[in-house]
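Encoded as structure tokens, the structure appears first; notes follow it.
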Amino acid sequence: MLPPQQPIHAELEHGRRTSAGSHAAQLARSPSMSLSPRSQNQSLPYPSSRPGSAAGSAHPFGYDPRQGTLSPVLSARRTSEDQPRPTSSSSASGRRYTEPASQTPAPAPLGSSAYRPRHTSTPGNPSSAYAPRFTPQPTTTPSSPSTSQHTPYTPHHSAPPRILHYNPHRQSAPSSVLRPIYPDEVAHLRQLAHANNPLRQKPAARRYSYSGGRAPEPTPTPRTSLPGENDHSYFPPQWDDRPSMPPSEVSYGGPPSSTPGAPPSGYSQYPPNWEAQTPGGNWDGERPGRLGKRRARDEEDDEYERNKRVVSGPVAGQAYSKKVTVVAEHYNSRPEVGVERREFSPIIGLKKFNNWIKSVLIGKFAYRPRGKVLDVGCGKGGDLNKWKQARIALYVGLDVADQSVQQAADRYRRMPKPGFDAFFYAHDCFSNPLSDVLSPELQIKDLYDNVTMQFCMHYAFENAAKARMMIENVSRYLRRGGIFIGTIPNAELLLERLNELPDRDEELRFGNSCYSIQFTERRHKGVYGHDYRFYLTDAVEDVPEYLVDWENFVSLASESGLRLVYKKAFHEILQEEKDSRDFGPLLGKMGVLNEYGESAMDADQWEAANLYMGFAFEKM
């Protein structure tokens, strides 16, 4: 039987081709036999190395004892006792081969062909996560006595993990919580629970004032800074930190109180003590059944109908000056045309733009949620919906024109679910204190979060007494941190237009097809009483108005603890807010711009709009 085929090595093949010697005879084989070494169940009679490896090419008869004891998969693993050996550059698996001790290992080739074996699980590598695996192989006798002997491998085990005993840091020695609760402790805990449970509390004793209303709760803690950017959204977030209750169970939501004196029973306490209310809405502390609640609401309706009165005129003894009477009669004579007919106004674009300006001021400076608003010069209630968007809790409107106040109250009654309580009074707020007309629960000092005067404050600068009374009414009822907002004619711009008139012009009139302004004198001594006649198409019919000296106004406000925080002309407000997230879309929603982005105002209306400016003061 012929011997099995000998592996072909690179060096031997080269020698056979270059010289014809003993190697040629040694490498000769029969072409009729082709047997694989794996088919013979016996060891080979001569040493062998893996064909194609670097070690086999350089040393064809080298022998590694580990080749017979380790499996081919783990043949590249070396023990901790072996010296490092060069790796094969042609083997993709990174296996290692032991060279004869008498031979010098060939250096590994450098360059792109140099192979760096990947990290495998070897006994010498402590970071390995796999244990060595042995495969039994037939034992062979080494052909060379100089071959190093293989030391049996002993698996290396890592040190056991360190065990940390549970020993937490204690403030005190551990003790048991299983201790008896004595009867006196139980009684004490029940007493505390009863005192803290609003469902078990008895109604608080009512303190009646001369008007029959209950004394209100103190005003909430004032804000120490201006509203933040998150508070400026004209459409506030739909959340509230108070318990949700049906509006009809919190306070009576019927027609507003529009006269001074005792309010209906539903307003027995104002401002309502929201913190003392229970989720059921029984804000007097009692817990009646469903029938009792229905009967209570019916009684409130009956009592309101008995006590309902029309909006009163000026209080007894209140004297109006001649010019104030002219202003009141003018606005009383203006009919309420409604939203539908208003669209046919020749200055509808200007009116919508002014409403947008007021929406910006309210959206930027309204206190949320559940703010309290004092509207001086409320007119016909044109801003009720704007304040509704701000989710206020209380609205008090005052105006010198009693017919306008009546129309404002009617507008509030027609509002579907206004969400706030409203009170309306006819009163000259620039000549008399508000305490002459407000009910006691509404004239608490520092009660209101916002005071607003839209297109009316300039009437107060007829003289120093009226201007100081106006500032006093604002400062007295505006809480610390509250904001006073308003819109007035730009006196500096009006004086510039007046000075542009030629000296020979004795009429002192300027304007356009939309408005006209006529001064009574070119030069005026003092900062009060510089009057002019103002006409605006379909709005103002030749009414006396007064310039507001801005520096004097800021000085008066500073004396009353009001600090200026905002001042911009109308065109500046438009340029600043037209692209804002909150107020830019309102230009289209409120009709200032049409679907094509075109303004409803013509050039004359735009000139009239730029005569005004907006402001905001914070009470310090």
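In case you wondered, yes, glycine gets a Cβ from its N, Cα and C as well.
Per Swiss-Prot, the features are as follows:
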BINDING   K358, G377, D399, D428, Q454, Y459  S-adenosyl-L-methionine binding site
COMPBIAS  29-44  compositional bias 'Polar residues'
COMPBIAS  45-60  compositional bias 'Low complexity'
COMPBIAS  136-157  compositional bias 'Low complexity'
DOMAIN    345-620  domain 'mRNA cap 0 methyltransferase'
REGION    1-176  region 'Disordered'
REGION    193-304  region 'Disordered'
SITE      K380  site 'mRNA cap binding'
SITE      K386  site 'mRNA cap binding'
SITE      R411  site 'mRNA cap binding'
SITE      H458  site 'mRNA cap binding'
SITE      E545  site 'mRNA cap binding'
SITE      Y612  site 'mRNA cap binding'
Neighbourhood of K358 (S-adenosyl-L-methionine binding site), C-beta criterion under 8 angstroms, separation at least six: D383, K386, Q454, T487
Q454 (S-adenosyl-L-methionine binding site): tally of other CB atoms within 10 A of its CB: 24
Residues satisfying Cβ distance under 8 Å from R411 (site 'mRNA cap binding'), sequence separation of at least 6: K380, G381, L384
Listed recorded positions (D399, D428, E545), ranked by Cβ neighbours within 10 Å, top entry: D399
Whole-number mean of pLDDT values that fall within the domain 'mRNA cap 0 methyltransferase' (345-620): 94
Secondary structure at D428 (S-adenosyl-L-methionine binding site), reduced by DSSP to three states: coil
C-beta crowding around K386 (site 'mRNA cap binding'), within 10 angstroms: 21
Lowest local Cβ density (other Cβ within 10 Å) among recorded positions: Y459, Y612: Y612
Maximum Cα-Cα separation in Å among residues K358, G377, D399, D428, Q454, Y459, which the record lists as binding S-adenosyl-L-methionine: 22
Inter-residue Cα distance where the pair is Y612 (site 'mRNA cap binding') and G377 (S-adenosyl-L-methionine binding site), in Å: 17
Count of other CB atoms lying within 10 Å of the CB belonging to G377 (S-adenosyl-L-methionine binding site): 22
Pairwise Cα distance for Y459 (S-adenosyl-L-methionine binding site)/E545 (site 'mRNA cap binding') [Å, integer]: 6
Secondary structure at Y612 (site 'mRNA cap binding'), reduced by DSSP to three states: strand
DSSP three-state assignment (helix, strand or coil) for K380 (site 'mRNA cap binding'): coil
Cα proximity to E545 (site 'mRNA cap binding'), best match among recorded positions D399, D428, H458, Y612: H458
Closest of D399, D428, Y612 to H458 (site 'mRNA cap binding'), Cα positions, recorded positions only: Y612
